[in-house]
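*Asks:* If you scroll down you'll find the structure; I have some questions about it.
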Amino acid sequence: MKPFSKNDRRRWSFDSVSAGKTAVGSASTSPGTEYSINGDQEFVEVTIDLQDDDTIVLRSVEPATAINVIGDISDDNTGIMTPVSISRSPTMKRTSSNRFRQFSQELKAEAVAKAKQLSQELKRFSWSRSFSGNLTTTSTAANQSGGAGGGLVNSALEARALRKQRAQLDRTRSSAQRALRGLRFISNKQKNVDGWNDVQSNFEKFEKNGYIYRSDFAQCIGMKDSKEFALELFDALSRRRRLKVEKINHDELYEYWSQINDESFDSRLQIFFDIVDKNEDGRITEEEVKEIIMLSASANKLSRLKEQAEEYAALIMEELDPERLGYIELWQLETLLLQKDTYLNYSQALSYTSQALSQNLQGLRGKSRIHRMSSDFVYIMQENWKRIWVLSLWIMIMIGLFLWKFFQYKQKDAFHVMGYCLLTAKGAAETLKFNMALILFPVCRNTITWLRSTRLSYFVPFDDNINFHKTIAGAIVVAVILHIGDHLACDFPRIVRATEYDYNRYLFHYFQTKQPTYFDLVKGPEGITGILMVILMIISFTLATRWFRRNLVKLPKPFDRLTGFNAFWYSHHLFVIVYILLILHGIFLYFAKPWYVRTTWMYLAVPVLLYGGERTLRYFRSGSYSVRLLKVAIYPGNVLTLQMSKPTQFRYKSGQYMFVQCPAVSPFEWHPFSITSAPEDDYISIHIRQLGDWTQELKRVFSEVCEPPVGGKSGLLRADETTKKSLPKLLIDGPYGAPAQDYRKYDVLLLVGLGIGATPFISILKDLLNNIVKMEEHADSISDFSRSSEYSTGSNGDTPRRKRILKTTNAYFYWVTREQGSFDWFKGVMNEVAELDQRGVIEMHNYLTSVYEEGDARSALITMVQALNHAKNGVDIVSGTRVRTHFARPNWKKVLTKLSSKHCNARIGVFYCGVPVLGKELSKLCNTFNQKGSTKFEFHKEHF
C-alpha cells in the first residue's frame, strides 16, 4: 500500500457521496469515460483508506462484476446494472461517509460532476469478493437447473445482497471507530508495554534449533491461559501463508506477531474469520460456528456455555442467515460485531453527560498549594470528625492516667532507688489496665447493636468497632513492652544493686524481708503472673494477626493447624486466663499495700461482667431460638444455602448478621454470616462459602443428607423437610448490627460485593423491592379510594394511613465474581428485581472476571451470543438471569464519575464487602471525589 497522490486522482472517476451514506468508488478503464447502464464499459472498484492524519492509502484496485438486483433499489422498482467487486484483498473494503465526502471535494471538478450524475444508482452498493463469487456460482447453477428451485435460490441471494448493502451503508464512522477497540488478540495491559520484547524473550526461552513449536506458541505470545485458542490462531495464520507447519522461526514469529498486533480492525476481523473458516471456502457453516463457540467458552472457563454451543450456534445462524443458505460470510460477522451494542440495551451503564460532570467536578480546577492543603485539612476533619474526637479522647485519657501514676510514684520512697524507670513502668501499667478494660467494649456485640439504634450513633463511629478493638490491642502491646521492659531491665537490677543503706531506708517497708535477688523477684507472684500473661498475649496476638488468621502463612504439618480462623478463635479464649492473671498480678503489688490502691479489679469489673453477660445471653438465647431447617442447597463454588424457620422473637434489619453453630461440627464454635432473607420474609436464609475447616466440615455434614437436584432446579444437591434423612441441628444467635443496616439513611446506594461478599446486600435488594411493591400497592389503593370517595356522599371515613415513603431513590448493585456458577446463588432474587422493579430504582451489574474483557477476540463471540440471546429470549447466557453480565472488572473511577454526574449534590452511601485491597481503592476514590465534587460518597466496609 502507498499514499494516493494528487496525480493519481486524475485517473479515476468517482461517484459522489451523499450525506450519511457510504459510497463505492468505481472507475472506468480510462479517464473521462462515461458510465453506461447497460454494462458496455469495464469497471473497476478502487478501495482507499483515509487516515486520521488526512493521508490517503490505496488499498486495492479490483475488477467489478455487474449483476441485476431486483428490489426496492430504484424508485420505479426496475432492475439496475451495478458494478459489484470481486475482492482479492484480505482486508475489508469500506470507508466512512464523512471521510469520502472530504475526499470527493478534493477531486477535479469534471470527475466530481460525472460522479454526481450516477450517485443515486451507485451509492447503495459495495460488494465483496465472496458474495460476487458465490452469487455467480450459485446463479449459474440455478439457471442451469431452471424451475422454481433456481428462482428460490436467486431470491435468497438477492435478499442477502440487499441486507449486505444496508449493512455496509450502516458502517458509519462512529461504528468503525468503536470497532477499532474490538477483536483484540493482545490485551490492553500487554499493549501498554513493549510486547514484542517479551515475545522475543519467550522465543529465546522456548526455541529449539532456532524454531519454536506450535505447542509453545501460546506461552510465547502471552496466551498461556487460553492455549487452545492460541493454537487455532497459529493454524489460521499458517493457512494464510498456505502452509501447515508445526514450528516457525524468529522471522516468521515476528510476521505472526505483526498480524496479531495489527491496529486495523479489518485485518483483525479477517484473522478471526480465518480461525472460524477452517476449510478456507470463504463461508462459515453452523458446525464451524459451534466449534468457535466451544473454543471461546473453553478459553473463558464457561463450562455451561460449552454445553449449549449447539443451541447458540443455531441462534447465530438464525440471526445472520435468514435466507437459510446454510452459511454466513465475512460481512455478516462484521455486522453482528458492529451492531451488538444495539442488542445490549439491558442493564446499561449509568447515563453520562459531560456537561453535568463539568458542573459537578468544579473542584478539579487548579488551586494553589496552600489552598489545596487547607481544603484537604477541612475535608479530613469533616469526613473523620467522629473518629478524631473518639481517638483524641482516648489518647487524652491514656496521657492523663500515665501522668497521674508518673507523679504519684515520684513521691514514693522507691523512686530514690529505681528512678524514672519505675515511673515509666507504673504509668504504662495504668494505661494497660485501662485498655484491658476498654478492649472488651467493641466486641460486646449486643451492646453495640443496641447503641446503633440510639442517638449516640450520630457521634460515635460504631462501624469501626473492630478497628478500634485492634487499635487498643496495639496500645496494649506498647504498654506491656514498656512495663515489663522497665521492670526486668531497669527496676529489678537497681533493687538488687541497691546499697544496704538505701534498701533499708527506701525499700525494706515494701518487701518486709532481706534484700531480694533477681531470681527472687522473678519467681515471686508478681513475676510469675506477669511472665505468664506476656506469653499468653504473644500467642493470642500473633495468631490474631492477618497473616495467621487468613492462612497467608504456610506452615508445614502439623504446625499448619496454627493458622486459620480456628487457631485465632481458640487462642483468643486464652484471654480468660490472662484476665485472671491480671487481677492476681494487681493484688500482689510490691509498692501498693492498701486494697483501695490496687485498682486493677476496679477497671475490669464492669467490662468483664458486661462481656460475660453477653456470652451467657448468647448461650441461653440460642437455646430459646428454636429453628428447623426448611431447605438446603449446595451450589457451584462450594456455597451452602440454609433456609430455616424464623423464630417469632427474632427481628432483624437488612444488612445485619447472625452467629450460627452446628453441634454436629463443633459444639463450641460460633461463626458470623450475613442474613440474605428480607425482614418481611417468613424464613431466615444464609449463604455459606467453604473457606476454612469449619465451613468445609459443615458442607460435608449437609452433603450427606442432600439429594441430587430434580430437573429444572439449580444447585448440585438439595434437601428439605421431605428428605428421608434427618437434617443436622442448627443454633442461631443474633441479630447483630453491621454498617449495611444504615442503608436507609441515603438517597442513593452503591452496593459492591466480591464473590460471597454479595450476601449482605441481597437482603437489602429484597427489602428495597418489597418496599417498591408496597409503594405501588399503596398508590393503587389511594387511587381506588379517591375514585370511590367521588361517589360516596356524607362519608366521614378517614383516608388510608399514609405509609412511610422510601427515601432511597436509586440503588446500584455491582457484583464481581470469578465463577459462572456463582450467579446461581441469587438467580431468583435478580430475576425478581428485574421483573418487579418497574420504576427502575434498582440497577444491577454482574461482572465475571474469568471472561476476557470486552473487545478481546477470545470473548468477542461470547458477547455476540450474549446480545442475541437476550434480545430474543430476555435471558443472559452467562448468569441465566435477566441481568446482563459484564466481562473483566469494573472501572471504579468511571462508575463513581457517572454516579456523581447523574446524582449531583446527592449523598451516596457506598457499602462494600470483600477483600481489603478493593476496599482501600474504593475508599480512596470516594475521598478524591468528595474533595472535588458536589456529590458526597460515604464509604462503609463490612467487618466481622
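Cβ coordinates come from backbone N, Cα and C, glycine included.
Keep in mind that this is a model prediction, so the values were computed, not measured.
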*Asks:* Examine the ranges 207-215, 369-377, 513-521, 612-620 and name the one recorded by Swiss-Prot as region 'EF-hand-like 1'.
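*Replies:* Going through 207-215, 369-377, 513-521, 612-620 one by one, Swiss-Prot flags 207-215 as region 'EF-hand-like 1'.
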*Asks:* Any idea if Gln512 and Leu630 are on the same membrane side according to Swiss-Prot?
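*Replies:* Domain labels do not match for Gln512 and Leu630 in Swiss-Prot.
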*Asks:* Quick one: average pLDDT across the topological domain 'Cytoplasmic' (2-387), no decimals.
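*Replies:* Here the predicted model's pLDDT, averaged over the topological domain 'Cytoplasmic' (2-387), is 61.
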*Asks:* Cβ within 8 angstroms of the Cβ centroid of Asp277, Asn279, Asp281, Arg283, Glu288: which residues besides those meet this for the Ca(2+) 1 site?
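*Replies:* Leaving out the recorded residues gives Val276, Lys278, Glu280, Gly282, Ile284, Thr285, Tyr327.
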*Asks:* What's the number of neighbouring CB atoms sitting within 10 A of the CB on Glu288 (Ca(2+) 1 binding site)?
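*Replies:* Taking all protein chains shown, Glu288 (Ca(2+) 1 binding site) has 19 Cβ neighbours within 10 Å.
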*Asks:* Under DSSP, is Asp277 (Ca(2+) 1 binding site) part of a helix or a strand, or is it coil?
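*Replies:* For Asp277 (Ca(2+) 1 binding site) - judged by DSSP and reduced to three states - the answer is coil.
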*Asks:* Tell me the residue counts in helix, strand and coil for the topological domain 'Extracellular' (618-744), as DSSP assigns them.
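*Replies:* Taking each residue of the topological domain 'Extracellular' (618-744) in turn, the totals are 24 helix, 42 strand, 61 coil.
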*Asks:* Just how many other Cβ atoms lie inside 10 Å of the Cβ on Asp277 (Ca(2+) 1 binding site)?
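*Replies:* A count of 22.
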*Asks:* Measuring Cα to Cα, how many Å separate Asn279 (Ca(2+) 1 binding site) from Tyr327 (Ca(2+) 2 binding site)?
*Replies:* 13
*Asks:* So for Asp321 (Ca(2+) 2 binding site), how many other CB atoms are inside 10 Å of its CB?
*Replies:* 20
*Asks:* At a 10 Å cut-off from the C-beta of Tyr327 (Ca(2+) 2 binding site), count the other C-beta atoms across all protein chains.
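*Replies:* So the Cβ neighbour count for Tyr327 (Ca(2+) 2 binding site) comes to 19.
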*Asks:* List the helix, strand and coil residue totals of the region 'EF-hand-like 2' (241-252) as derived from DSSP.
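*Replies:* Across the region 'EF-hand-like 2' (241-252), DSSP assigns the residues as follows: 3 helix, 3 strand, 6 coil.
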